[in-house]
Amino acid sequence: MSRTAPNRPGDVRPTSAVLAADLDPAGARALAESGLLRVAAATGTREARRHPSYLLAFGFGTSVVMWGIGFACRLPPVWVPSAVLLFLLLGCQLVGGFLASRSTGVGIRAGVGVGVMSAFINLLVLGSLLGDQSALVPAASLWVPGSLVAGALLGGIGGVLGRPRRFGTAAPDVPVLHPPLWTGKFARVAALATLLLLVVGGMVTSKQAGLAVVDWPNSFGYNMFLFPLSKMTGGVYFEHSHRLFGALVGLTTLVLAIHLQFADSRRWVRWLAIVALVMVIGQGILGGLRVTGYFTTSTDPNMTAPSLLLALVHGVFGQVFFATLVALAAVTSPSWQILPDAELRADAGRDHIWTAWAVGLVVPQLVVGALYRHFQGGLAIHLSLAVFVAIAVFVAGIRGFGLHPESPLYTKLGKLLVTLISLQILLGFGALTVVTLSRNAPEPPIYDVIVATAHQATGATVLAVSTLMFVWSRRLFRRA
């Protein structure tokens, strides 16, 4: 028999949630986790939905989607026509303004703000589109303000189209959330951007393009943000895109960390954000030194000392950073604040232990997997360790959806984790097959790149979801 723990000092819960918990603890938990109380508490008030932090969530979110579409459409095998790509990118800004307006009730102001913010973020890649540096200054004088105006216009149109006719109000007992509603959404955007970065990085490794650009932080002597798009061909496209995505993730993490210093009253969350910022800075330096071996601006390959060991560390550390951002997104979410107190359960310790084992085994498995990708060694260890990883992850996931029907959130995470580890096992066998078939090929074929990258990205996602179950098991359940 389980019971609900008493309120901790300083907890803020709506009166409706307190009454529901008193009458039916299990029912109240299921109701809250299904989203009904969460929606009432987190999104029901005009003030919560209109908090200025929505600009960060939708502005960065729009840019991340635009970058993802732009990268996919310019992949060498795809190469979508420029007119079609431009239409898709402009459509993203319009949709971003629409969603911001519809979600906040602010209307055209939300759309314009999101359009301008996304256009400002996209200045990171505008230099590449302007082309030759000799024409950079006159071109920038037109393109920079032009892109900002276009973003404002498209976002504003989306804001007008998305303006809700009516905007409801919530019950007066709804609390003010700290951090605000949109902070958790912004953290999710940061995690999504990092996942895209991991996918691009995985393609760099699969294409053996890690040294396609010989210098760092410049690119063939160009400022990284001014390297012409016309020169981004072959392996250079993958490696330079990886660097640009890294800059996007770095900027997103920096803004998130600064925002949380003012938006969240929990000291440990603010420190976690700072840790994430330090991690992404270190990750960027690792990526650069992997190419050059030491700090230098030389473009002569003979003057650099590329390091496969740093490549291995860079690849694994990036996935750990991704898991850190996912955990940060969880603890800043409205659900973390509004759900009832942790439930006292006799078997809570088992959930804590199995989720810890899942995380603790996935990380060394990622290390061994990276060892095989970079050094072509350790395959037997990778396959053997996979058995123990699968056991821990399956048990953690099955416990999640099999023993906690009263917790829809934890149940969904459990099902997702089991699905992901099942897919990962299949991709593992697929990756082993395609690598064996293409072992003597002069360069990795496209099917090899796709399967190997999918295997690497799914492994990172398994770590992320295992981390989510680890943190949520401690938020939802306490040892009796």
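Cβ coordinates are placed from backbone N, Cα and C, and glycine is handled just like the others.
Nobody curates TrEMBL annotations by hand; they come from automatic prediction.
Summarising the annotation, TrEMBL assigns transmembrane segment to 54-72 (among others). Long-range contacts of the transmembrane segment (54-72) within the same chain: residues 78, 85, 88-89, 92-93, 95-96, 99-100, 103-104, 106, 110, 113-118, 120-122, 125, 182-183, 185-186, 189-190, 192-193, 196, 200, 241, 244-245, 248, 252, 255-256, 259, each at least 6 residues beyond the stretch ends and with a Cβ under 8 Å from a Cβ of the stretch.
Per TrEMBL, the feature transmembrane segment maps to 78-100 (among others).
Among the features that TrEMBL reports, transmembrane segment is placed at 112-130 (among others).
Under the heading transmembrane segment, TrEMBL lists 142-161 (among others).
Annotation source TrEMBL lists transmembrane segment at 186-204 (among others).
Annotated transmembrane segment per TrEMBL: 244-262 (among others), in sequence order.
As annotated by TrEMBL, transmembrane segment applies to 269-289 (among others).
Summarising the annotation, TrEMBL assigns transmembrane segment to 309-332 (among others).
Counting only same-chain residues 6+ beyond the ends of the transmembrane segment (353-373), those with a CB under 8 A from a CB of the stretch are 205, 312, 315-316, 319-320, 323, 379, 381-382, 385-386, 388-389, 392-393, 395-396, 399, 417, 452, 456, 459-460, 462-463, 466-467, 469-470, 473. Sequence annotations record features per position, and here TrEMBL assigns transmembrane segment to 353-373 (among others).
Among the features that TrEMBL reports, transmembrane segment is placed at 379-401 (among others). Within its own chain, the transmembrane segment (379-401) is flanked in space by residues 350-351, 354-355, 357-358, 361-362, 364-365, 368-369, 371-372, 410-418, 421, 425, 428, 432, 462, 466, 469, which lie at least six positions past its ends and keep a Cβ under 8 Å from the stretch.
Under the heading transmembrane segment, TrEMBL lists 413-437 (among others).
Counting only same-chain residues 6+ beyond the ends of the transmembrane segment (449-472), those with a CB under 8 A from a CB of the stretch are 191, 195, 198-199, 202-203, 205-207, 315, 318-320, 322-323, 326-327, 330-331, 352, 355-356, 358-359, 362-363, 365-366, 369, 373, 393, 396-397, 400, 409-410, 413-414, 416-417, 420-421, 423-424, 427-428, 430-431, 434-435. Annotation source TrEMBL lists transmembrane segment at 449-472 (among others).
Between the transmembrane segment (112-130) and the stretches 142-161, 186-204, 269-289, the greatest number of Cβ pairs separated by less than 8 Å involves 142-161. Residues 53, 56-57, 60-61, 64, 67-68, 71, 210, 235, 238-239, 241-242, 245-246, 248-249, 252-253, 256, 259, 315, 318-319, 321-322, 325-326, 328-329, 332-333, 449, 452-453, 456-457, 460-461, 464 of the same chain, all 6+ positions outside the transmembrane segment (186-204), place their C-beta atoms under 8 angstroms from a C-beta of that stretch. Non-local neighbours of the transmembrane segment (269-289) in the same chain are 179, 216-217, 242-243, 246, 249-250, 253-254, 256-257, 260-261, 295, 307, 310, 313-314, 317-318, 320-321, 324-325, 327-328, 331-332; each lies 6+ residues outside the stretch with a CB under 8 Å from one of its CB atoms.
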